[in-house]
Each structure stands twice: as structure tokens, then as C-alpha cells.
Amino acid sequence: MTTVVLIGTQWGDEGKGKITDFLAEKADLVVRYQGGNNAGHTVVVGENSFKLHLIPSGILYPEKICVIGNGVVIDPKVLKEELEYLRQRGVTTANLKISLRAHLIMPYHKKLDELEEEDKGENKIGTTKRGIGPAYRDKAARTGIRVCDLLDKELFAEKLALNLKEKNNLLEKIYGVEGFSYDELYHEYLEYAEIIRPYATDTSRLINDAIESGQKVLFEGAQGTLLDLDHGTYPYVTSSHPVAGAACIGAGIGPTKIHEVIGVVKAYTTRVGSGPFPTELLDETGEFLRKQGYEFGTTTGRPRRCGWFDGVIARYAARVNGLSGLAVTKLDVLTGLKTIKIAVGYRFNGKVINEFPASLKELSQCEPVYEELPGWSEDITGARKLTDLPENARNYLRKIEEITGVPIKIISVGTRRDQTIILDQVF
């Protein structure tokens, strides 16, 4: 297969960074197609740990071309910081490419994100306050500023003036806070323009040419299926589309160019922020998973809510993404549990349902229907083939395949690249 889309099947934080890094070794291009710096991924190379939020994980391979596609919203300040961070760590960024059509996050987006969240009171949705939502809102309203606009001084000046007139009016008259200085923002962003300029290009053409020439392209999704604007637990979602179908729009390729879709699924379930979570564990088992899995957000540092594996969610993600394979992560975290539960359905109004409900009111009233499986105590972090795993661990994986109807192709048993079991080659 020459093109692979890698997506998260849960609420994000599934371990996509590690799997992307692992698959990037065989890819020629690694492409981010949606989201912004609200998505954090951690990659461990040997004894070194790299935390990235915007630049694709493939940047750690110096010969790979890494693309920030048109579907991504870019905070130039964060981009500058990540470029400097990587250079200080000895990582070259020469092969980074940025879409001319990508939209920019402006300081007023971040301020509005913060104020709007505070204004919701008890109805907060758990935004990261990075300005992602307001930036996508401007994109949909056709008032956003793109990379190509920033690189044209006159056009940028015109668009910034129009935006500031509206945004300062909103900040000052509705929220009662000070607006932004045109001169300060203009000169700050002109500096960013010169940082971005060497990387800016028509990435759609670049990616399509690569596919046509037989090169291997990995599309890296951010967040997860249940944070998708259409298919997630709305309104507790992100402002973009983490599902596989968005790779076409966010990278500028046609759907016939996609050959494989791999869903990254954690061996249990986690969530950051507000919203229903049927299998959430508020007991010592939940705390065990949080500590063993070090479940704290890369972007926010917030402790993640933890729960048992939810087969209803996994089955739903398999359908809306058209998954051809699964990559199961953090299997090692379950080591030491005597009994492991998997939700195979929900009980709602006295009936068992097998489909993920659209209504959050319904979802909040759903109780998980569990199947119990025996756990294992053996250390599996050194396993490199399926037969190295204890029988109970293999049975657990078979159950996931049975529930989802999707074959497992990759199993992660630790944070390092080498702590990976390959059942079927993706590239």
C-alpha cells in the first residue's frame, strides 16, 4: 500500500504519535491534515522523548518530507517555538512543507476562545484555549487569514485591519476587555511570515505528485473519532474532522488515492475534558490505569479520565472511518489486573443497544454491558511477536478483533519504537 491514513478511534490520546513515528520509517511523506496545536503527541526515540503539537512526528526522520496540510490551523508563534525546539535537539526541519492554503491562528482567536469558555460557566466544553475553534469559525465565515495572505504584505495588512475592527469591537463592547493593537500584530506576524516563507508551498500538488510516482504517504490524524465535529460526542468535540474522510479535504487529494485506513485504539479508554463517558472508572482501577499509563495530557497536562475498553465506540469508529486495520496501544498498562472488562453493548431504558447513540442525553443514561476476561501478570514490554504474549493477553486482543470486525496489524507494548509487535505490514 502506498497511502495510509492513521486515525484515533476514541477521544484522542490513543498513542498515534508512537504509531505514526513507527510507520514513518517506511513512509516518504508524513502529512498532518487537520487540527492545530491542541493536539499533542509524544515520541520516544531511544532514551530521548520528543513532545510535538503541530509539526508531524515524521520530522524525527531527517530524510522524510513532513507536510502541514491545508486543513490544519497554524499558530505561527507555536510553529516558531517548535522549529527552535527541534533545532536545539539536533533535529533538522529542512524537509518541512506548509500549505499556502492553511489558515492562521491569531492572538484574538486565543483570547476569544478563553473568554467564550469562561462565559459558558457550568456548561464548559473543555477547550484547550488555543484558539482552534475561533480560527475554524473564521475559516467557515470566510474571514480567516491564510498562509498565502500572510506572505503578501499588502493583502495581510488589509485582512488584518478588517478582522481587528470586528474582533476588537467584540472584545471591548461585549466582553469589556482591551482589544489588540494593529501595529503590534502586523509587525509580529510579518516576522512570522519570513519564518514560514521557506516552507510554504502548494502541498496538494506535492502530495499528489508523490502518490503518482509511487512514493509512500502517511496521513497523520490528530485527536480522535469521538472528537469529530460531525461524528463525535457533540458539542464536546473539536472544531475539525479527525475522521479518515477528512484526510482528502485537509490534504488536497481525492478519495481514490487512499489505500488503507489504520485505527489506533488504546487497550483501555481515556478522555480529557467534559462529556459522557460510559465506561469511566472513578475507583482505584481508574487510578491504576492513570498512573500506569501516565495519563496526563501532552498539551494541557490535565489528568485524563480513564475507563475500560469500549467495544461500542471501537465498532462505531470502524464503521465511520472504514478501518482496514487496528493498531492497539498500551497493552502493557493492563498488566497486573486480575480481571479486565470490555463493554460489548450499552443498556438504555432497560434494553441492550449495540450502536453508539447520537444523543448525548441518551449516551449519559447508557450503562455499559461488560464481558469479563482474565488478566495477566507477566511483563510483556519485551514481547516482539504475538506468541511472546501470555495467552490471556492474546485472548483479549482476539476479543477486540471479534467486536470490531477489524484485524489487528500492530500491537504496542511500550513507549519505545522497538516495543512493537507487527502482525501484518502496513506499508
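Cβ coordinates come from backbone N, Cα and C, glycine included.
Within the same chain, residues at least 6 positions away in sequence whose Cβ sits under 8 Å from that of GLY15 (GTP binding site) are VAL264, LYS266, ALA327, THR329, LYS330, SER412. Swiss-Prot lists 12-18, 40-42, ARG304, 330-332, 412-414 with the feature GTP binding site.
Under the three-state DSSP scheme, ASP13 (active site, proton acceptor) falls in the coil class. Here the Cβ of ASP13 (active site, proton acceptor) has 29 other Cβ atoms within 10 Å, regardless of which shown protein chain they belong to. Among the features that Swiss-Prot reports, active site, proton acceptor is placed at ASP13, with the record citing sequence analysis.
According to DSSP, HIS41 (active site, proton donor) sits within a strand segment. The annotation IMP binding site is assigned in Swiss-Prot to ASP13, GLU14, GLY15, LYS16, ASN38, ALA39, GLY40, HIS41, THR128, ARG142, GLN223, THR238, ARG302 on the grounds of sequence analysis.
If you look up Swiss-Prot, you'll see ASP13, GLY40 marked as Mg(2+) binding site.
Packing around HIS41 (active site, proton donor) is summarised by its Cβ count: 24 other Cβ atoms lie within 10 angstroms of its Cβ, all protein chains included. What Swiss-Prot records for HIS41 is active site, proton donor, and it gives sequence analysis as the kind of evidence.
Feature annotation from Swiss-Prot assigns substrate binding site to THR298, THR299, THR300, GLY301, ARG302, PRO303, ARG304; the stated evidence is sequence analysis. In the three-state DSSP scheme, ARG302 (IMP binding site) falls into the coil class. The local packing around ARG302 (IMP binding site), expressed as other Cβ atoms within 10 Å of its Cβ over all shown chains, amounts to 13.
If you measure from the Cα atom of GLN223 (IMP binding site) to that of THR42 (GTP binding site), you get 13 Å. You'll find the Cα of ASN38 (IMP binding site) roughly 11 Å from the Cα of ASP13 (active site, proton acceptor). Sequence-distant neighbours of LEU331 (GTP binding site) (same chain, 6+ apart, CB under 8 A from its CB) are ALA267, ILE380, LEU389, ALA393, TYR396, LEU397, ILE411, SER412, VAL413. DSSP assigns THR128 (IMP binding site) to coil in the three-state reduction, outside any helix or strand. PRO303 (substrate binding site) has a Cβ environment of 14 other Cβ atoms inside 10 Å. Neighbours of THR300 (substrate binding site) among the recorded positions GLY12, ASP13, LYS18, GLY40, THR42, THR128, defined as a Cα within 10 Å of its Cα, are GLY40, THR128.
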